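Here is what TrEMBL says about this protein:
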DOMAIN    11-209  domain 'YjeF N-terminal'
BINDING   59-63, 123-129, Asp152, Ala254, Gly317, His373, Asp439  (6S)-NADPHX binding site
BINDING   Asn60, Asp119, Ser155  K(+) binding site
DOMAIN    219-493  domain 'YjeF C-terminal'
BINDING   Lys409, Gly410, Pro411, Asp412, Thr413, Gly438  AMP binding site
Amino acid sequence: MRLEVLTPAEMSECDRRTIAAGPLDGYGLMLRAGQAVASTALSRYPGASRVDVLCGPGNNGGDGYVVAEILRRSGIEVALFAEGSPKKGTDAARARTDCRIEPRPLAEYAPTKGNLVVDAIFGAGLDRPVSGTVMRAIEFTAEARAPVLAVDLPSGVSGETGKILGTAFSAELTVTFARLKPGHLLLPGRTNCGEVIVADIGIPDSVVASVGPKCFENRPDLWRKTLPSWAVDVHKYSRGHVAAFSGGPSATGAVRLSALAAARAGAGAVTLLSPSAALLVNAAHLTSIMLRRCDSGVEALDFISDRRVRAIVFGPGLAPEEPTAAMLRELLGAGENPAVVVDASAITALALDPEGFFEVSAAYEGPLVLTPHEGEFARLFPDLAAQSGSKLERARLAAQRASAVVLLKGPDTVIASPDGRAAINFNGTPLLATAGSGDVLSGIIAGLLAQGMPAFEAACAAAWMHAEAARSLGPGLIADDLPGALPGVLGNLEAGR
Ligand SMILES: NC(=O)C1=CN([C@@H]2O[C@H](COP(=O)(O)OP(=O)(O)OC[C@H]3O[C@@H](n4cnc5c(N)ncnc54)[C@H](OP(=O)(O)O)[C@@H]3O)[C@@H](O)[C@H]2O)[C@@H](O)CC1
Ligand SMILES: [K+]
């Protein structure tokens with residue numbers, strides 16, 4: 001499976017290197033791109049006898065002329081509309097010359113009921129908001145509810161960020177080339193793309209590898225090889241011990257969800273470190289999860305070193321206040337170096353003095369993962385949250401600043417590592433928008449970290465497993481159900497090894 005996600009600039013570099021190596025030239029790539037779209041139109045819309053093809057002035061429009069000519073030769077009635085003309089001497093100009101249909105100005109386009117619309121106005125080269133005639137064409141098409149097949153990207157969707165520039169087509173189907181682009185995976189663009197098909201147009205894998213892409217689709221092949229596996233004589237502590245910090249007596253449920261998820265993700269032992277005041281309430285709810293009184297950083301550190309704790313969940317149910325941030329700084333500064341997952345209120349607490357935390361995290365030698373949702377992210381990284389870049393870019397910058405893997409939650413969760421690697425999760429589901437679901441996620445990450453999985457891979461795997469668990473349960477799930485669904489998810493992964 002080809003998991004690289006290419007920015008439009010990386011894609012264009014792949015085109016350039018492929019053309020330089022030959023034998024395909026730019027027009028050869030365009031012909032293959034157009035053929036891929038035309039054959040998708042024919043196979044996926046077999047009943048379409050009339051097609052409106054809308055072409056822009058660049059190479060995306062060039063692909064459109066190729067599509068129009070192939071469909072015409074296949075006996076389809078094609079109406080061709082053009083916005084601007086390709087520049088002389090370009091591949092797009094050649095494609096227009098080779099197309100036997102005379103285009104009409106896009107201003108004359110009005111969708112006809114039952115027609116398929118092929119959107120070849122703008123693709124990778126969109127660099128400003130759509131307006132004027134193109135905007136009207138998009139609005140007419142939406143009003144007529146005509147099915148749209150987009151070439152590379154729906155016009156109006158930024159391939160780089162997934163943002164809508166002005167307005168955009170809502171496609172049923174998008175055919176892109178060689179690899180996905182961030183705009184196919186990040187919201188809101190992902191929604192406008194509909195189903196996405198990646199067509200092979202002859203760009204070799206070696207060329208893709210040579211441009212050094214660092215963003216990936218979050219699929220099991222990205223991290224399967226790093227999943228824990230155990231020798232027959234393993235015992236509970238060698239399988240990894242997780243410590244999860246409980247909040248006070250009225251805030252204990254969140255961390256119990258994390259603890260259970262860590263155990264279900266495969267940690268051999270999980271201990272809840274609970275303040276004295278919450279011991280009884282925790283004791284009343286725990287069975288296989290162990291319980292230990294802990295009222296200070298010193299007590300926690302003693303336990304961590306005595307019981308060889310490999311991973312910590314720190315955040316769910318804790319107070320979003322300075323003592324929480326201080327305790328985390330103490331844990332990170334002590335030289336024990338367990339893996340630490342910082343979640344929920346602990347992130348809010350760190351936002352009281354971000355620079356103080358970044359100083360400690362830069363010096364920390366253990367694996368560190370932060371799991372903010374957008375609100376927590378904006379508290380800890382207010383300048384990054386306010387900038388205009390993509391979610392991918394924001395997560396990457398945050399990971400570098402915090403010297404930590406940052407898992408920025410949402411329907412299009414992004415996981416970024418300080419080394420520049422990033423992954424975009426695609427299997428998220430609205431089923432996960434339920435109280436406690438984030439606590440389960442941080443527990444899964446800790447469970448995998450405790451078993452020795454590297455931090456970036458553990459965060460990616462956890463995000464994927466979390467969503468698969470939700471999908472396996474379906475509507476009606478509550479966060480309490482998610483840990484119990486993990487054995488099924490892990491079983492399927494094991495079967496795929
Ligand atoms: N060999 C290859 O590279 C291959 C590439 N392939 C195909 O090429 C596509 C990329 O082509 P591309 O780079 O020409 O960009 P494209 O999306 O056609 O747009 C550029 C044009 O749009 C204009 N423009 C932009 N925004 C605008 C706006 N808001 N409002 C108005 N105008 C706007 C911009 O105008 P300008 O900025 O120059 O004034 C320029 O004229 C890619 O998506 C894929 O389909 C395949 O054939 C495979 C081989
Ligand atoms: K397009």
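Note: Cβ is positioned from N, Cα and C throughout, glycine not excepted.
A quick note: this is a predicted structure, and the numbers were derived from the prediction, not measured.
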Rounded to the nearest Å - Cα separation of Ala124 ((6S)-NADPHX binding site) and Asn60 (K(+) binding site): 8
Number of Cβ atoms other than its own within 10 Å, given for Ser155 (K(+) binding site): 30
Spatial neighbours of Thr413 (AMP binding site) that are distant in sequence (at least 6 apart) but have CB under 8 A: Asn218, Leu407, Ile424, Asn425, Gly428, Ala463
Distance-selected binding-site residues near ligand 2 (C-beta under 6 Å), from Gly62, Asp119, Gly410: Asp119
Rounded distance in angstrom between the Cα atoms of Asp152 ((6S)-NADPHX binding site) and Gly410 (AMP binding site): 25
Pro411 (AMP binding site) versus Gly62 ((6S)-NADPHX binding site) - Cα distance in angstrom: 34
Contacting binding-site residues for ligand 1, chosen from Asp119, His373, Asp412, Gly438 when the Cβ sits under 6 angstroms of any of its atoms: none
Chain-internal residues, separated by at least six, CB under 8 A from Gly438 (AMP binding site): Pro316, Asp343, Ala344, Thr371, His373, Lys409
Around the Cβ of Ala124 ((6S)-NADPHX binding site), the count of other Cβ atoms that are within 10 Å: 24
Integer Å distance between the CA atoms belonging to Asp127 ((6S)-NADPHX binding site) and Ser155 (K(+) binding site): 11
